[in-house]
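**Student:** According to TrEMBL:
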DOMAIN    179-426  domain 'G-protein coupled receptors family 1 profile'
TRANSMEM  167-188  transmembrane segment
TRANSMEM  200-221  transmembrane segment
TRANSMEM  245-265  transmembrane segment
TRANSMEM  286-309  transmembrane segment
TRANSMEM  329-354  transmembrane segment
TRANSMEM  375-397  transmembrane segment
TRANSMEM  409-429  transmembrane segment
Amino acid sequence: DISSTALESLPSYGLEAIQVLNAMSSYSLKRLPPLDKFSSLLEAVLTYPSHCCAFQNLRTEKQNSLLSIFDNFSKQCESTMRKPTSETFYRDASFNTSLWPAEEHMYPLETGEEAFPYSYSAVFDEDEMTGFDFEYDFCQPKILTCTPEPDAFNPCEDILGYSFLRVLIWFINILAIAGNFTVLLVLITSHYKLTVPRFLMCNLSFADFCMGLYLLLIASVDAQTSGQYYNHAIDWQTGSGCSTAGFFTVFASELSVYTLTVITIERWHTITYAMQLDRKLRLRHAVPIMLGGWVFSILIAVLPLLGVSSYMKVSICLPMDIETGLSQAYILLILMLNVIAFIVICACYIKIYVAVQNPELVAANKDTKIAKRMAILIFTDFTCMAPISFFAISAAIKVPLITVTNSKILLVLFYPVNSCANPFLYAIFTKAFQRDFFLLMSKLGCCKSRAELYRVNYFSAYTSNCKNGSAAPGPSKASQALLLLSASEKLCKTRRSTKKSQPECQ
């Protein structure tokens, strides 16, 4: 009995004879010694439910030895339980000759041996049979009982549960981290003017980068605790690690959804009011809008740390605690805001598609490309938000339609879809990003020919816009002259190679 003590560990020896372990309210005891030390344990009353997972499949040493010798005793036990007691435990010619026919020939009664209660002295040593009762010890074996039992939020499994998820999560988090880090690096180091779309894309990439960090943290802890999570569950879920992971995922999720909504509204606003320059969204408008999104996302992520719901409820550190009305309202608020954001995104893209269908604005083939691109954007948003929101709302109103174990499939396969797809759909696949990327690589000594090609193309577009009296978004004034000079030199070299007989550029 070590209940209500401050013990932090149990010895690794001297535990073999313990049959009952009472460790109730021993909050400092967060790890157990090797399970093979509890060879005789029959009952355990512990503090943490996760520790009972360790004893779930544990058998006593005596029970294991019996089962290893008698593999086909189930039928014999059934017969034993149906027979009268006097008939069950005696072996001679007049009693129970059909019960053990094989053993009757294997171990016949010696001359002058009297009928006595059935003995296994021929199989076991005498000291092994001390206190052994066939019907109670074997046909009704002693089962180890442990309390408190694990609940639905913390089943007896590792953090990710399924083996295939343990492999997939590494590919997904590396893709999310590498893709979004590349986008951030290229956009920040670009010489081109920071426009509203670029500014919003930086915010989106940072949010999705944080989601990748959350997945990396979960995958790392799962790899370290695989097979023995019951010994690390308390330290992980009640420690700073799980709180940090929970903050990252809620902050990243809300900031990503908020930024996606703002990007979609900005695109719709730009197309709808394309001819009204006075209504164009400027950077001075976008900065306070995104500042509000950051404040909102940080506030939502901090609330579970202040007691509104909790990141400690489950091993994947999501705010699933709905025991109080305030916690339930918090979860429903987040889910409903995400659903509203998805509806707004869909409505804006539908309006954009209707606007660009005008044959005076775009060609037919370009119209088809735009429609396909928008369909992909909406599909990725729907894939990410729909299953998560549906099952989470049902759980928030205390009608769960999915277990925590199965919800981990949603966590790995659906939850980070946007974080992996956004850098490609909104940045990497665009020509502007590819231009910035090759210009950055040329500074590092790579892809110089591609970079020069982009410089020449920019110079041609810039001079064309100047002739038409318009100005396209370009580099900052500090680097604009360098780009134009480099493009001019490249253009002159090209002309020298094709028109050697003509005067060269000065």
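Glycine residues also receive a Cβ, built from the backbone N, Cα and C atoms like all the rest.
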**Student:** Where, among 167-188, 200-221, 245-265, 286-309, 375-397, do we find the most CB pairs under 8 A to the transmembrane segment (409-429)?
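**Tutor:** It is 167-188, which has the most Cβ pairs under 8 Å.
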**Student:** What mean pLDDT score does the domain 'G-protein coupled receptors family 1 profile' (179-426) have in the model?
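**Tutor:** Across the residues of the domain 'G-protein coupled receptors family 1 profile' (179-426) the model's pLDDT averages 84 on the 0 to 100 scale.
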**Student:** Could you name the stretch, out of 167-188, 286-309, 329-354, 375-397, with the greatest number of CB pairs under 8 A to the transmembrane segment (200-221)?
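**Tutor:** It is 167-188, which has the most Cβ pairs under 8 Å.
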**Student:** At a threshold of under 8 Å on Cβ distances, which of 167-188, 286-309, 375-397 pairs most often with the transmembrane segment (329-354)?
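**Tutor:** Selected stretch: 375-397, with the most Cβ pairs under 8 Å.
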**Student:** Determine which residues of the chain contact the transmembrane segment (167-188) at the Cβ level, with the cut-off under 8 Å and only residues 6 or more beyond its ends counted.
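**Tutor:** The answer is 160, 198, 201-202, 205-206, 208-209, 211-213, 215-216, 218-219, 222, 412-413, 416, 419-420, 422-424, 427-428, 433, 436-437, 440.
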